[in-house]
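Some features that TrEMBL has for this protein:
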| type | residues | note |
| --- | --- | --- |
| REGION | 1-34 | region 'Disordered' |
| COMPBIAS | 23-33 | compositional bias 'Polar residues' |
| REPEAT | 215-249 | repeat 'WD' |
| REPEAT | 250-283 | repeat 'WD' |
| REPEAT | 297-338 | repeat 'WD' |
| REPEAT | 420-461 | repeat 'WD' |
Amino acid sequence: MSYRTRFGKDNSACDSGNAVEGSGSSKGPNEVSNDFDHEIAQLTKHRSRPHQLLSQDMPGKSRLLVSTMKMLVGRESNHSGRGRFSSADGCHVLSRYLPINGPWGVDESTSPAYVSQFSNDGLFFVAGFQGGHIRIYNVDKGWKVQKDILTKSLRWTITDTSLSPDQRYLVYASMTPIVNIVNVGSSMTESLANVTEIHEGLDFSVDGDEDEFGIFSVRFSTDGRELVAASSDASIYVYDLQANKINLRIPAHASDVNTVCFADETGHLIYSGGDDNLCKVWDRRCLITKGQAAGVLMGHLEGVTFLDSRGDGRYFISNGKDQTTKLWDIRKMSSRAMYPRLRDHDWDYRWMEYPAHAKTLQHPNDQSLATYRGHGVLRTLIRCYFSPAYSTGQKYIYTGSSDHCVYIYDLVTGAQVARLNHHEGPVRDCSWHPLYPMLVSSSWDGTIARWEFPGDDQVPTLVRPRARRRRGYYNY
């Protein structure tokens, strides 16, 4: 029985009653405290708090979790007048069941794992390995390999993959200007580049561009018609798949652009983050002057490795090489950036530990709403995400870590609610199932691990390959 059926959850907009007082997140931009009263805190509580007639809060107990049994009794007695759980009711129940049991082994490779991505409906899971293999698993069929892809045009590693909204196509990027696209909806399980199947190359270089560059991040638009990509030539590219050409190039940052995504389903707004320590917002409707951002957001003291949109065109989070995750509201953005010099730039995150004294430094113009600390952002472009809207109301954020773990934080309080410790190498990517309490992590130790609540009846098993010595240092 699925969790959707089990809890009788309604997918309509949240209608659970008023948000209540509770613990908060960030008082100032550089720390998490107990009086975070920003709008996003109220929105998060509203999306994950049960209807007041189901909870029947007692005076002085409004901050306590309402038991699932009490809510089920209230639902069966139709206390709310609906006869079913609202979206917020369901999130309140599901969000307490964190995917922390396990891990169970999904797959392992002799090369580091770089990518972990569930499809939008959770039916498929994509894993990408440095050695040039991408595997797509059918989650509902016991993690059977649906598609085994051997890539082409690979330089050093797969840096990113993206599955189209209709789940028919997969694009993969590397340290080249070519992004390849594969028809993953075909009947063939094995996809050997241009031998058993054609992997069409999409050229992101523009006419007269003599410099080679690599793609660090690539994403489909919600309608599947465009790709947005972040590159090592400090630019953002938008590729029109129907016209089969680049329709927009933005000289976006002063250094490598490590991450980019569409802000919401409209495709008008784009978020980007780069090694110039900045997050930027781009509005394609008014991008008249080439390279002119709608605004910049300052707060990170080192390069931005990844960002994830909340999907509402307003909020996003970012991971930084300053060993923090930050929460942003684009309404606080500025028209220009400031670059304070707070330390000597003789530190290289790819092979050095972060200086102890730098952990206490603060950006004098930090515009972030909250800062989350505890994980490590070293060696590679560690990724962070909001937890799923359906099952948690985006109540949490989670991130991989260079200390071989996955960290889960409460968005509002900033508390570390879980630390998943198993891998023997940096966890570059991780992905939370959009419907179920299940999380999958990919590590440089070559393993793909699955964490669940409650998990199946088998004893957790996962092979632990030996940690590998890295050769060469690259920013990806």
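Heads up, the Cβ atoms here are built off N, Cα and C, so glycines get one too.
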Within the repeat 'WD' (420-461), residues counted as helix, strand or coil by DSSP
0 helix, 20 strand, 22 coil
Whole-number mean of pLDDT values that fall within the repeat 'WD' (215-249)
96
DSSP puts the residues of the repeat 'WD' (215-249) at 0 helix, 23 strand, 12 coil
Using DSSP, what's the helix, strand and coil tally for the repeat 'WD' (297-338)?
3 helix, 20 strand, 19 coil
Determine how many residues of the repeat 'WD' (250-283) DSSP places in helix, in strand and in coil.
0 helix, 19 strand, 15 coil
